[in-house]
Amino acid sequence: MSTLLRLHLRTRRGFLVGWLTPLIAFMALTPPAYRATYPDQRELEILADSMRVNLGLRAMYGIVPEPFTFGAFTQWETGMWVSILGSLMAILLAVRLTRATEDDGIAEMVRSSGSTTRTHASSAAIVVIGACVALGIGSSLALLACSTAIDGMSAIGCVLTGAVVAAATSAAGAVGLLAAQVAKTARGARGLGMAYLGAAFAVRAIADVRELDWLRPLSPLGWRGLVGPFSDDRAWPLAVMALAVLALTAFAVAVAARRDLGATWPERADRDRSTRPGSWRGLGSWGLRTQLEWPAVVGWAVATIALTVFFMSMTGEMTSMLESSPGTADLARQMAGGSTMEDVFTELMGTWLGLLVACAAVQAVLSVHGDEVAGRLAPEVGAGVPRWRPFAVAWAVAFAAVTVIVAVAAPLGAFAADASTQTPDVLGGALWSLGGQWPAAIAAAGIAAFFAATLPKVAWLAWLPVAWSGVTTFFGGIFGFPDWLMDVSLFAHAPHAADGTVDWTGSLVLAGIGLTGVALGALAVGKRDLVG
């Protein structure tokens, strides 16, 4: 067991540091930013009054707590984001340590050394739950450090906020462990995990919007409302949450111990089209990549389009809220710029769309790296396909996917924004804000193709430009980043500026980065051996 734990921690240390550090830093940096924006309690109460009647914010973050202190503000908004992103981390980590090791052949090697199936699954569960607990402890310590200089942040509230984060993310990790037993592939397990996360968010949103107290405990993202950090400060629900997480984790480990390597639970007939003789024959590189990626692409498309329409339909409501709170309006302008509140909000939503499609593009391109590591690329190359072609085709699939997503999401979102407000000229500005982030996704796809083809051992670095761009775009103005650092963001070069001018220079540079990245990757991959 100890050997497996050390192996997991050593192989996943980059993943853990890359996730835990920014999430804990996010929790630590937001209370000072809130205090700088709202220097006294009166302004906080004005903000809270405007937000309590906003159903869109209630669906996104939950019921606005009372009293609305800096601590309550942090756990309400930042705590929700950390819980969602931490849940994503837990799901990805759980699948990576279980089903993905079976796909890669690592699990077979581990078991051939004498380790039992239960030991392997138990070690993975310990690492996953441990990472979630570390996130919770780090969040509590970050808030406790802020509480020394900021009023309205009680010690018990700080501790309970971290505990709720740990509980919600641990539940997601347990679901990820179980999904790895149900799905036949790591890709399918991740899909099940993402479906759970979406369902948990939807259940929590419905419970908060309709004030259905009985429904809230069914979603781990709604457990925060049962504890009530910085308001009710109830600790006893945490014991029930811990028991539920431990029971689900133990069940997942027990299932893993009873099934064969590569099998699923429950056992079912293999109806996978890929296993039938000749089912892939004659597809070619483009057809093969499309066949492999269409479920993930469709999932990204549905989620992105739905979220874009949902949030853009809140333009009128959010504009009224921003106008009622000068501090919030200034904060939003620091994040997005714009002459009117409608412009500010649509610019922010355009950046969110750009972030989502950039993530979709990077995932689509890096899938070819996963196929290479798993050994699925070798037969394709062995059949006479040039080494560069699978990587170029993966980039082309990502290009086509983000183009279609933006082409559908941008006009639908713009019409939703226009319908939600009486202000003229919102339609055109919203369309520019949403569609203008397309070049950023193309650049992200090119960067991913370069890393996957040139530096396969560190292909995960392709996520860093997207993550950094999101941080600088949304928080650079708040934390006073210099202009040159803000310009490094992929999302800072939309052709339509906040003042109404149009400049295609940045977009052309981003498109050039995308094309250059895939071209350099295509040249480099022919000079190295395949991995896996």
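Just so you know, the numbers here start at 1 and follow the chain as drawn.
Here the Cβ of each residue, glycine as well, is placed from N, Cα and C on the backbone.
Any TrEMBL annotation is an automated prediction that lacks curation.
According to TrEMBL, the feature transmembrane segment maps to 80-98, 119-142, 154-179, 191-207, 235-257, 294-314, 349-370, 391-417, 437-455, 462-484, 504-526.
The transmembrane segment (437-455) is not in contact with the transmembrane segment (80-98), judged by fewer than 3 CB-CB distances under 8 Å for residue pairs 6 or more apart in sequence. Packing against the transmembrane segment (191-207) from elsewhere in the chain are residues 58-60, 62, 84, 87-88, 91-92, 94-95, 172, 175-176, 179, 182-183, 213, 215-216, 218-222, 225, 295-296, 299, 303: each is 6 or more residues past its ends and has a CB under 8 Å from a CB in it. The transmembrane segment (235-257) and the transmembrane segment (154-179) are in contact, since at least 3 Cβ pairs between them lie under 8 Å (pairs 6 or more apart in sequence). Counted over residue pairs separated by six or more positions, the transmembrane segment (294-314) shares fewer than 3 Cβ pairs under 8 angstroms with the transmembrane segment (154-179), which leaves the two as not touching.
A contact links the transmembrane segment (154-179) to the transmembrane segment (80-98), because at least 3 Cβ pairs that are 6 or more residues apart lie under 8 A. Segment contact is absent for the transmembrane segment (462-484) and the transmembrane segment (80-98), given fewer than three CB pairs below 8 angstroms at sequence separation of 6 or more. Within its own chain, the transmembrane segment (119-142) is flanked in space by residues 1, 4-5, 8-9, 12, 16, 19-20, 23-25, 27-28, 79, 82, 86, 89-90, 93-94, 97-98, 101, 107, 110-111, 158-159, 161-167, 169-170, 172-174, 176-177, 245, 249, 252-253, 256-257, which lie at least six positions past its ends and keep a Cβ under 8 Å from the stretch. Using a Cβ-Cβ cut-off under 8 Å and counting only residues 6 or more beyond its ends in the same chain, the transmembrane segment (80-98) has close neighbours at 8, 12, 15-16, 19-20, 23, 26-27, 60-62, 107, 120-121, 123-125, 127-128, 131-132, 135, 139, 164-165, 168-177, 179-181, 186, 189-190, 193-194, 196-197, 200-201, 220-221, 224, 256. Non-local neighbours of the transmembrane segment (391-417) in the same chain are 285-286, 289-290, 293, 297, 300-301, 304-305, 308-309, 311-313, 315, 342, 346, 349, 353, 357-358, 360-362, 364-365, 367-368, 426-428, 430-431, 434-435, 437-438, 441-442, 445-446, 448-449, 452-453, 514, 518, 521-522, 525; each lies 6+ residues outside the stretch with a CB under 8 Å from one of its CB atoms.
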